[in-house]
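According to TrEMBL:
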REGION    34-62  region 'Disordered'
COMPBIAS  39-49  compositional bias 'Basic and acidic residues'
DOMAIN    61-173  domain 'HotDog ACOT-type'
DOMAIN    235-348  domain 'HotDog ACOT-type'
DOMAIN    423-593  domain 'START'
Amino acid sequence: ATLLLSRCLLKMVKENIVVPEEILSFCCNGLQGSTSPPRAREPGEREEAPGAMASPSPTGNPTEVQMSQLVLPCHTNHRGELSTGQLLKWIDTAACLSAERHAGCPCVTASMDDIYFEHTISVGQVVNIKAKVNRAFNSSMEVGIQVSYEDLCSGKHCSICKAYATFVAQGPSGSKVKLKPLTPQTEEEKIEHSIAAERRRMRLVHKDTLKDLLNRSPRETELETRDGSAAVPAEKTRVESVELVLPPHANHQGNTFGGQIMAWMENVATIAASRLCHAHPTLRAIEMFHFRGPSQVGDRLVLKAIVNNAFKNSMEVGVCAEAYGQEMSVSRRHINSAFMTFVVLDQEGRPRTLPMVAPEPGDGVRRYREASARKKIRLDRKYVVSCKQTEVPLSVPWDQSNKVYLSYNNVSALKTLVAKANWALAREKEKVRMYTLEEDKFLSFRIEMSVRIAAGRAFSLLSDLRRRHEWDSHYASAELVQQVDDDDVIYHVVSQTLSHENKPQDFVILASRRKPCSKGDPYVVAFRSVTLPTHPASSSFTRGETICSGFCIWPESEETSKVAYYNQATPGYLNYVTTNVAGLSSNFCATFEACEKFLLKNKEDLIVRLQDL
């Protein structure tokens, strides 16, 4: 590493580039396990041992961990690129350290969400990993991880991937530990904290989403050939390997590091992919996976991999990890299963066309079909969940297979808007307050007031759009089109407002409801436009769209709630918003006052009915 840095300095000298004194001092002092120049200690600050990780600053997130690793030849593959298995080990280590900072006790990896690798990392570059706890639930917590690389010679920084891992705190004898809640401080932390509950919900229904898609897909398996070549039997790609778990592979409790298991799985998956394409593949994505049980020092880990399906430019490899002890007679324990997507790049860095795979009857055909379903789910998840809000069209086509991710996007978009820090009070009339938020291309507003009604009751009344015309004069009618599940409903709404074409507007709206996940969370009712084949745009109406709107209801006491309505104004709605913000109209205030009367009236009606009973 010193030789590499010296070469960089020599190049700078030859090109007449001034070398900063900090770097020269750093080289003289030698590398001590960090790629950053040593900083001066504050008065009273204790000196850390060489190679130790610095503690977070008092004003920062106490769970934040930063790791910097210089990529050496022993970390790389034949192309001089960082092995993805090694990167996974570093990611898991940093995330585990962050989780243990919050829990104050040992933690184990429970699951990892989808990881998309955007770039490769070369020898001599620095990997920077930042991990911090986003939210703590009962005994589990979500840790967010950001990975980037740094080129020491050019100073270039580039993002590699973003990941979310779930860790479980363990007490003596492996018992679960109840975690203390985490209080977010910054705007970014508040957004991540709020959306973590939605990501958790999505993880819990992941398997059901796959089963539902498979049940609705045709059972016939259609094979084809590409470039005149016959399909390759999947059995020719099968790989099986065994690893002995030694003390360096485990934590102080003797449990195998999750990152080590992932690295071994990536190794056999790469071999299986190579047997199909007869080239060196590149890992592009890892599917969301869960660890089903622990493995300890002394275990033998059997790793199996096979190519499940090969698409035009990518292939899915399924990997399974099983553990057993010294006794072969004891049944193997299923530790983990993962699905990895590989591509083969040509000299220009473009994906090559891959041969088709011929699955074996039975389980082979099942894996083939499941791989196709997972690809569909990955595309939905990446398109709807991972995109920036401005990259998602206003109306996303509704499909049964992407309902989980559209619901997630709907609620998380509203929660993100709620967590923004720069809301400014624009108007105040009696109990009604109106705030605005100006950023980039969007003008958003929120209207709030306190109402003497229980939060749960207000949540029930405001989430039913069929009753909105009772208090909102802009609504003519709302028809329930599809009851997706207990939390999501699709409505066809007709507005009283006339468009510039002198026709009433109509909307197809997905309404997603969420009850509080923990104390302090609001009740949420989120709205966004979707496209339904059964309800195309009609000549009788002007089709309107909403990208992000909805209600958040916070309990203030048993009988009082703070009700807030949020809306990210679309162009067709902008003039109406600005007119109210400027004080040229009081429609917003009047509408919200009518909303209060509606809530109080129905509260009284409920009390009367209960008294009659």
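Cβ atoms here come from the backbone N, Cα and C positions, even for glycine.
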* To do: Count the residues of the domain 'HotDog ACOT-type' (61-173) that DSSP assigns to helix (H, G, I), to strand (E, B) and to coil, and report the three numbers in that order.
  => 25 helix, 54 strand, 34 coil
* Helix, strand, coil: count each for the residues of the domain 'HotDog ACOT-type' (235-348), based on DSSP. => 26 helix, 51 strand, 37 coil
* Structure fact -> Averaged over the domain 'HotDog ACOT-type' (61-173), the pLDDT of the predicted model comes to 92
